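Step one of this worksheet: look at the structure below.
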């Protein structure tokens, strides 16, 4: 409930433009170019960070992007978990949704999911047996705590059948080592005819990369086929260059971060501190009186409040949704309380007490059912972030 109050009130405070009310619907006007400080205020409220510092246009058709798009669609449509017909380490290509039951458990328990697209190492030679891929882990928010990370490599049927069984191993290149030393991270046994995703636990490795971002721009992994002379290409492993297949290797990381209210409190403290330092230690001036933006209805009900990312000039890095209804509750809780007000027995008693003793407070029109907002955005050209804001939308209102 606090999330709804803070989110709605801060949206009002972020703009000096008057809102228009028609039929209890508060509509955002055509957005005019605002000062940078006001644009950043909107971004900070939704915890979307700064405008991404990307060097190239992100690819929405690779496997990393498609995975998070599938997650977003499942969350947004409130679909029931689908039955997965294959084991976690060997998913079928026929299963268009790349999400397993284990994934859904992590999705339900985390509030941020990030995918990291892979790139082929620039020095990679066509005749090399091993595959060298790199990952960009910059621009990940420092207040996120990693829970689990998985590397996913897609395997097609092998081009040669001289080895019915072989092992795929993943190694991490050690930092600042000139002798090209690698440390093994994990192995998966497979067959020449196998088609599906191979997965490797990369939790400790990704956590190390995130804690040591300054060591190198990109982090390298080496994928090899056991002790054989079989190349990863001949074994059927899809490389980052195989853009037509949309099955490139990628990392998915499940994170937990602080609640939105905690972030807003830290943001306010930081800004108050900056103002005091700029003003020589004097306290900040009192805030301006609140502006009456609308005339509330007579009775408690839910009112619309549309947030449009294009009008906020954020559509270039917010992938989905393009806009959403935040809603808020408004109106009075006056006697008699009708059925449409969803009044509790306590609210009815409190209303009667207020009639007899006016100094006692009346019930308040508040959210009774809360929903979540899910936002999908770029962090840079290689990383996509899905963040869930729990209890941030007023689904129903009532007198409490």
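Each Cβ is built from the backbone N, Cα and C atoms, and glycine gets one as well.
Per Swiss-Prot, these features apply:
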DISULFID  300-365  disulfide bond
DISULFID  329-397  disulfide bond
DISULFID  333-399  disulfide bond
CARBOHYD  165  N-linked glycosylation site
CARBOHYD  189  N-linked glycosylation site
CARBOHYD  201  N-linked glycosylation site
CARBOHYD  304  N-linked glycosylation site
CARBOHYD  342  N-linked glycosylation site
SIGNAL    1-16  signal peptide
Cα-proximity to residue 399 (disulfide bond), 10 Å cut-off, over recorded positions 189, 201, 304, 365: 365
Which of 300, 329, 399, all disulfide-bonded residues, has a Cβ with the fewest other Cβ atoms inside 10 Å: 329
Site with most surrounding Cβ atoms, counting all protein chains shown within 10 Å, from the glycosylation sites 165, 189, 201, 304, 342: 342
Rounded inter-Cα distance in Å - residue 201 (N-linked glycosylation site), residue 304 (N-linked glycosylation site): 44
For residue 397 (disulfide bond), the number of other Cβ atoms found within 10 Å of its own Cβ: 23
Neighbourhood of residue 365 (disulfide bond) by C-beta distance under 8 A, where only residues 6 or more apart in the same chain count: 300, 301, 329, 330, 331, 332, 333, 341, 397, 398, 399
Cα-to-Cα gap, residue 342 (N-linked glycosylation site) vs residue 304 (N-linked glycosylation site), nearest whole Å: 18
Other CB atoms, at most 10 A from the CB of residue 333 (disulfide bond): 22
Between residue 189 (N-linked glycosylation site) and residue 165 (N-linked glycosylation site): CA-CA distance (Å): 7
